[in-house]
Amino acid sequence: MSRFSGLFSSLWSPRPSQDQTPEEEDVTVRVLGARGSGKTSFLYKLYFKHAVGTPDEAFDVVRTDQHNVESIPYLNQMYEIWEYAEMAQSIPHLSKTNVIIFFVDSVKCSHPTVAEKARDNMLWLLTQYGDKLTDAIIITVANKQDEKDAVSAQDIGDEWMKDIRLREALNGHQWRIFPCSAKTGDGLDAILNYLSSTIENRQLLRLSVSSAPQPFVTNLDRHSSSSRLPPGAVARPAGQSPSPVDEDDEDIRRKLRHQSLADFAPTSRERPLSQARMPITPWEDMPNPYHLSDQDFKNWYDQGRVFLFFDYQSLIRISYIYLRQIERTHERRSEATRRLLNNLRVILRSIELFEQDAKQASQNDRNQRATTEFAHECITYSETQTLFWLHMVSYCLMRNPVLEGEDVSFEHFVLRCPELWDGELWRNYYSYKTFHSERGHLEFIAPDKKPLPNAFKSSSLALKGSGLNIDYQIVS
């Protein structure tokens with residue numbers, strides 16, 4: 001098709017701008033997806049809002065013949081956005097693609113065959129043309145969220161992550177899913193904000209690499225004064241803080257300022273997406289736990305160092321890794337549990353302090369966004385909650401033992417234990433009041449609805465908390 005600015009009157013030939021220098025190259029975006037998923041409405045809305053300056057402009061959606069393209073300015077970037085009627089028409093243009101935006105119809109995704117077809121199309125693209133998309137940012141847009149019977153972006157993201165082949169294909173890409181209503185414009189700027197932040201951080205990283213002898217240099221002190229975090233992240237409940245830790249806040253902040261990924265050597269270049277829920281793609285130079293191998297994840301955790309975030313999936317992952325280590329080394333369970341709890345307290349407090357500093361810095365920024373957009377979805381420290389999940393992982397290991405010669409990765413284990421995918425599993429055993437009580441943050445409280453299942457071998461029936469003078473024994 002044609003450019004909107006040409007009123008769709010002449011065919012657009014795929015070419016770069018003739019008077020554009022390499023330093024001024026646009027960010028090339030390919031918008032793909034099934035017909036009727038909202039791709040053209042997405043481009044129209046962006047064009048009228050950011051290129052013309054008339055966000056409320058009414059328009060009729062014209063059926064796309066082959067493709068539309070328009071240059072959209074946003075913040076300090078110019079985006080050349082190509083929208084294709086069919087995925088096959090994008091194939092000749094995939095070289096030098098910076099971003100893939102893949103649209104899914106959230107209403108039609110209620111039909112399993114349609115949802116599966118969308119996943120298969122993305123898998124096919126990444127498998128067949130992965131060499132051309134090595135550095136591409138991948139965004140899935142769950143469109144039509146404002147319509148009746150729309151499947152939530154969370155549920156769509158969950159299904160994508162349960163597809164092992166698709167998860168492997170996305171490995172190494174910065175990938176995120178966004179809810180959207182292209183017709184009303186809701187959610188469009190969240191996508192552009194994320195792209196702007198991610199691309200800017202990539203540019204900063206390239207500059208730091210080219211000017212320093214280290215292969216990967218970053219300083220968290222820089223982020224405390226100029227942190228740019230994307231919208232859409234879920235804030236932790238206000239007023240909830242981890243329990244006191246042995247180190248005071250200034251000691252932790254001092255360590256944060258000297259922490260760097262440059263002194264952390266991964267054991268593998270692979271970055272598995274061991275995630276059963278919608279991921280959060282990193283926009284800072286702190287490690288995203290979903291992007292680390294099990295060994296790298298444990299190494300970082302054992303040092304008590306800050307992660308980008310630490311959610312309940314990260315908690316059950318470290319619980320599994322520690323329990324497997326106990327099996328191999330015959331370390332006393334009580335000592336391993338105490339170490340797990342101590343490190344968790346330090347890590348969660350470090351994340352909280354970092355977010356506080358980022359929010360404080362944002363208050364001095366004229367372009368600040370709402371402070372609720374600056375927090376990651378992160379658990380708060382609770383002895384009861386931590387020991388509950390440790391217990392449930394132990395129970396799943398009893399039911400699904402890892403046999404000699406089998407894959408011992410957390411990803412393989414959690415796929416065999418679907419009960420661990422449910423972040424609300426605790427409701428079967430605890431009332432909300434007990435599970436989230438202040439006392440439960442400081443010490444382990446037994447379930448008040450029904451006993452926990454037997455998760456211990458006969459020789460190891462005691463579950464000890466950190467600094468607790470209790471033995472909690474489960475009787476099946």
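Yeah, the Cβs are placed from backbone N, Cα and C, and that goes for glycine too.
What TrEMBL says about a protein is an automatic prediction, not a curated fact.
TrEMBL lists 1-26 (among others) with the feature region 'Disordered'.
The annotation compositional bias 'Polar residues' is assigned in TrEMBL to 7-20.
All protein chains shown were included, and the count of other CB atoms within 10 Å of the CB of G33 (GTP binding site) stands at 24. What TrEMBL records for G33, A34, R35, G36, S37, G38, K39, T40, N143, K144, Q145, D146 is GTP binding site.
Cβ-based neighbour count (10 Å, all protein chains) for T64 (Mg(2+) binding site) stands at 18. Positions annotated as Mg(2+) binding site by TrEMBL: T40, T64.
Per TrEMBL, the feature region 'Disordered' maps to 219-250 (among others).
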* To do: Between any two of G33, A34, R35, G36, S37, G38, K39, T40, N143, K144, Q145, D146, the residues recorded as binding GTP, what is the biggest Cα to Cα distance in Å?
  => 19
* Structure fact -> For Q145 (GTP binding site), the same-chain residues 6+ apart in sequence with C-beta under 8 angstroms from its C-beta are S106, S152, A153, P179, C180, S181, D186, G187
* Asked: Out of R35, K39, which of the binding-site residues has the smallest number of neighbouring Cβ atoms within 10 Å?
  -> R35
* The one of S37, T40, N143 whose CB sees the fewest other CB atoms within 10 Å, among these binding-site residues -> T40
* To do: Could you state the whole-number distance in Å separating the C-alpha atoms of G33 (GTP binding site) and T64 (Mg(2+) binding site)?
  => 12
* **Pairwise CA distance, S37 (GTP binding site) versus T64 (Mg(2+) binding site), rounded so that it is a whole Å** => 12
